[in-house]
């Protein structure tokens, strides 16, 4: 695994996390909407830290070793299972990302165009980024972050005259349940948490500090954008399929009447970074199984599977909804982040007892 | 069929570089007999008309003086070689050893005096402007440097013009360039290492570096790569560039060039290595990072606020020149609603009367522009101004009046062209990228431009010239080196600590000194 700095890694994760906020797909989320979303993000911070604590404590003892290498040290079977699991999870997130992208662009931006060209080209560029290596994607993420923050500042400044806090209502108006549920769903969407476990030993710098900055950064970004959305379009945002895109369409700056092109450019770049990162993880996990010499063949195969599955899921939207709702339950995330590290620690404990016997 | 193609490709790859065979007898040693040596020399060079020899007797011992016509300064030859030899004071019964001893220690026939033993070395010295002495009874020769060949005088560099600062540029003879560098750094840490490159041309190349600044591993890498360059002839520094680059097929250069001694000196003081090549005024500098394309010597002579403004202008010009035509085509074709109303009406009115789609209009007009630019470069100066007249008439007036292209497109071409001249070092990349983005924008719209831009930036981020990230210190980010990237802070701050390339974030170059 290539070495990258903690800041580069968490910038990539920050961008990955912001992507799902840009492309909220209608009818798929039962999360808190409107003002309740503002409060649920506080719970997101708390839940994220609580979920990662056990894994941090476990892996703190295994310095210089990643989760999959740790599994191989326990047993070959455990390593095989771990690599397969994470490869499948990473591939599924990459496919989900591409489907998100395709559905958004063909419903909101180019409604008369077919999915195929977008899916194919998007995946090809993501594959090229994986081919160039993780370090180049990490460096590009730094540039993309500046573009993201710059574009958000532009959009916010251009909407400043439209601000009206009358759209803000009490987050607990619907009770506590929507807030708690929203916090949980926001965490369940954060597949980036499993990446932290895979990358910990390969990061140069203080990982815990970086993780906290990431959580707080995501909180600040989502909180700020929800606030801006509510203050500009109010509760009408709840009825919009893509509220941030709607806000960008309203934004006007100097002579530019709309800022949705800026939104689309930034969101495409971020989507590519997310897809490239997860495809890289999938490739890396499969290299554990099939050997590093076949990495280009593995990459091509992953690309083909991604394109095929994305096209099928974009076409059979009900199936995609079912899969996505399964992801939102959090089961895949908790298996990867909690269950697997705990099981790996238990295995040697059982072996030592067997050896003594 | 595929196995046949694979076999063909393997056969092609097996054809490795075969160095040219030396001329028979070239590597033989000189003999004691002067006549035999002269017969051999004439035979090896085919009695070439520019080889001039003269037999003289010094102290009763026969000697031959050989020069290549036009390569030696005859005045210098007369003053420092002919006169001392004629007035040597050696007796008529002197031995060849005494005559040799006279040339070695009792006379100063030239500061650059060397002894050699083979015919190959003899020809190398002759072709480098040395006068060669052969002594009867001695199986060696003495070469004395007294170059007098004509060369272009030192003038302002044509490719790097500046407002304030030195007007000197490198010239073709490498040793003149070395003196220009030495005059600017009066320190023993400045080192010149001369090597030979090119099996047939035996071109002199010189590594230039500061021994107290450069990284030992970087220097070893540069040396190794230059030594591994298997070339027949080296006529220009561009022949050696691919050997110093990590990915020679990349769009962006990983090796810089300069015609200015002051620029070269500034670069080597930051731990870089420069390569001078005899016969060309363009020196190579490695490693070369992306942000250096936007730096010039004027930035360091102007006031900081103005230098910062010019830097931002250059970065804006780069993105403008590669993206403006493609973005214009993309927006006008796929997303015209993004234009302000007044501009949209103007564009629609002008495009209403043109026969071609916007993408083809852009491609045609940019192609014509590139044709004229290339013609302007190659035309003889007396008729070069005709290109500008034709350009103004053809593009500026006739094409628009005839309704072939719209007036907005002419504006786009004009802005694009002017922007590209702001960063001349990136002109090759800019030209290719511009056409690529026009094609992408015309077929895939803003979405395609975003994909292309992402791929281009990732390609840039993947480059590591000599182990240093091309986009450092912007990404990986480091605040301290950023003082001279997008901004240029005052010399009071810049002068406090010298930044070296091996200190940049993400650098794999160690800090070991020579």
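Placement of Cβ uses the backbone N, Cα and C atoms for every residue, glycine included.
What TrEMBL lists as transmembrane segment is A:36-59 (among others). Same-chain residues lying 6 or more positions outside the transmembrane segment (A:36-59) and placing a CB less than 8 Å from one of its CB atoms are 67, 70, 171-174, 178-187, 190, 193, 196-197, 200-201, 208, 211-212, 215-216, 218-219, 222-223, 226-227, 230, 333-334, 337-338, 341-342, 344-345.
The transmembrane segment annotation in TrEMBL covers A:80-110 (among others).
Among the features that TrEMBL reports, transmembrane segment is placed at A:116-134 (among others).
Residues 8, 11-12, 14-15, 18, 221, 224-225, 228, 232, 247-248, 250-253, 259, 262-263, 265-266, 269-270, 273 of the same chain sit 6 or more residues outside the transmembrane segment (A:141-160) yet have a Cβ under 8 Å from a Cβ within it. The transmembrane segment feature in TrEMBL is assigned to A:141-160 (among others).
Per TrEMBL, transmembrane segment is recorded for A:180-200 (among others). Within the same chain, residues 1, 9, 13, 16-17, 20, 29-32, 36-37, 39-44, 46-48, 51-52, 55, 59, 66-68, 86, 89, 93, 207, 211, 214, 218, 222, 277-278, 281, 327-330, 332-333, 336-337, 341 sit at least 6 positions outside the transmembrane segment (A:180-200) and bring their C-beta atoms closer than 8 Å to a C-beta of that stretch.
The transmembrane segment annotation in TrEMBL covers A:212-238 (among others).
If one looks beyond the transmembrane segment (A:264-286) by at least 6 residues along the same chain, the residues whose Cβ comes under 8 Å of a Cβ in the stretch are 1, 12, 15-16, 18-19, 22-23, 68, 83-84, 86-87, 90-91, 93-94, 97-98, 100-101, 104-105, 109, 122-123, 125-127, 129-130, 134, 137, 140-141, 144, 147-148, 151, 191, 195, 198, 295, 298-299, 302-303, 306. Residues or ranges marked as transmembrane segment in TrEMBL: A:264-286 (among others).
The transmembrane segment feature in TrEMBL is assigned to A:298-317 (among others).
The transmembrane segment annotation in TrEMBL covers A:323-347 (among others).
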So what's near the transmembrane segment (A:323-347) in sequence-distant terms, Cβ-Cβ under 8 Å and 6+ beyond its ends? 25, 28-30, 51-52, 54-55, 58-59, 67, 70-71, 74-75, 78, 82, 85-86, 89, 92, 96, 184-185, 187-191, 193-194, 197, 313
Positions on the same chain near the transmembrane segment (A:80-110), where near means CB under 8 A and six or more residues out: 19-20, 23, 25, 67-68, 71-72, 118-119, 122-123, 126, 191, 194, 198, 241-242, 245, 260, 264, 267-268, 271, 274-275, 278-279, 281-282, 285-286, 288-289, 302, 305-307, 309-310, 313-314, 317, 320, 323-324, 327, 332, 335-336, 340, 344
